[in-house]
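J.: The structure follows.
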């Protein structure tokens, strides 16, 4: 922490007794939850603990399902709801992400390491990865050891089967059980607004790779599970089992339908298919709904409660994103660069705040009604309280279409846009370093623009001591240098840049000298307002974490009430908790229906409540003049953009050194830095990021601290 920083307010470092108690409680429940998973395959759990819990939890309201709620569902939802409260209190800590008050122990765990096959991962991610692999190996080995121990020549002869046939059936069942373990964690990485991920210092954008890996593992295990059973039925002359849909217990047909949906989905997830036929990938990926539906019918709702928590949180997040995406947002202007890059500027409410390196997903129906693309936000919610900006480089077909649409002589005067987000880390900790070295390749500079603007705010408004900044940017062509002009905020002035100790070293790798006709002008395109468009607002208001926690807890409580009433007064009089009379499929369908209804009721209520609260502020911003060049001089957009265009840029240009025909010698540059603490950030091609991470982790310079960030463009 900087010596000149004032005493830290209560925050994530544990000085606040409330957050300390919450964190201790969350970690206690989390450790207990992991312990249950470790014990699940053992005889102690299955023969002693679980029967005892079922006896105590069994009631006329929940039946045998109550034990699954208690053991597997409740702990995760409790962690998620309590995590929302913790994150709310952390967010309320004044300027926590600027003051450098982050949890130092957590900061150590967030430091990245390079693992072959995994790439650059934080120590938290590595710890979870190793624990998960250990859990899979332990569970499968224990299941097989216990299962095979009960198979003898005598038991095989008694059942009229061979020993290897019984072992095949045992292995098939255990493969399904291990697949369910993976399925339990499959949806956590893609829950974008997850409090669970944020609680452990992770983000959905950086965790998507784990969803991909888990998806491959799940489908591999479930495919092997199905094939083993088919082979077993074939060799034992029981192929008729394939067509059985039992009234109670396991339904084979439902399992086969789930596997079929999963296989079709799986086939379209491979990179080549996803890139070339994105809309096919998009459509087929919605087969996860059928996959989960028939999976629940296959195993029954009691067993499905094991994987329910992750999917439950995903459903809440997905429905909230659906509600947000229905609203068209107010696109104010676009700054168009000659290097096939465009900056889109949206109107936003002052109540929407986000941290540097945050992303948002964007959809432009006139290009594709289905495609949603993530982009790193380049603006700063503190420095630019009524504007949100993203920079889009024309790298793919979608972004090229957008650029050509806006840069053509007959460009549009209005563009319908929908967004989801923003999403990002709960806090950042830039001020703890004496120097920030930012290494970017091409459009990888985007997240650094948001960081620089955050430091401008810290220096200008908070009067905080900011670290020196060395920005090293590599571009292919000199025309790409115009991206550097976007570092200046549209509402700011070069004088703000001069207050920072900023040095930019730009490298043009494919040109030996500047081009003779280098167009560096930025074209500004203004869009006509539409009364139906709205400023970007936080979907759950300023206290979004509290509202999310309320949705999680209240929806689950209402669900328990509905199911309790249904079971007590409808199912129990028929079945009497025997699970042998009332249809398992009907019970599963009713549970799924009530889950959906409860989530829709609570999430919609929270959304509409906050939408009405934000309506007044959004209307004020929407009605502000300045959407076109004929706006009144009092418009903040009008004045800001023209002020920027009219002011001399010498102060900013003095910070830029351009090197032609060479690449940056990153090893020399980094090792020459003698500051006591140097934060190193890298965004761009994978090879470049790994090179920077390798230099920092080589151990040759103790002052280099690699900071991993994700970006999208």
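A Cβ is built for glycine as well, from the same backbone N, Cα and C atoms used for every other residue.
Note that the structure is predicted; figures quoted are calculated from it, not measured.
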J.: Which residue range, 210-235, 340-365, is the one TrEMBL calls transmembrane segment?
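T.: Residues 210-235 are the ones TrEMBL records as transmembrane segment.
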J.: Report, as numbers and ranges, every residue of the chain located at least six residues beyond the transmembrane segment (210-235) whose Cβ falls under 8 Å of a Cβ in that stretch; write 'none' if there are none.
T.: 125, 129, 165, 168-169, 171-173, 175-176, 178-179, 182-183, 185-187, 189-190, 241-242, 252, 255-256, 258-259, 262-263, 266, 269
J.: Any chance the transmembrane segment (61-89) and the transmembrane segment (287-314) have 3 or more Cβ pairs under 8 A, given the pairs are 6 or more apart in sequence?
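T.: Contact criterion met.
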J.: Looking only at residues six or more beyond either end of the transmembrane segment (171-190), which have a C-beta under 8 A from one in the stretch?
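T.: 37, 41, 72, 132, 135-136, 139-140, 143-144, 147, 196-197, 204, 207-211, 214-215, 217-218, 221-222, 224-225, 228-229, 232, 295, 299, 303, 306-307, 309-311, 313-314.
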J.: Taking residues 6+ outside the transmembrane segment (287-314), which of them lie with a CB under 8 Å of any CB in it?
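T.: Same-chain contacts beyond the flanks: 63-65, 68-69, 72-73, 75-77, 80, 180, 183-188, 190-191, 194, 196, 249-252, 254-255, 257-258, 261-262, 264-265, 552, 556, 579, 584-585, 587-589, 591-592, 595, 599.
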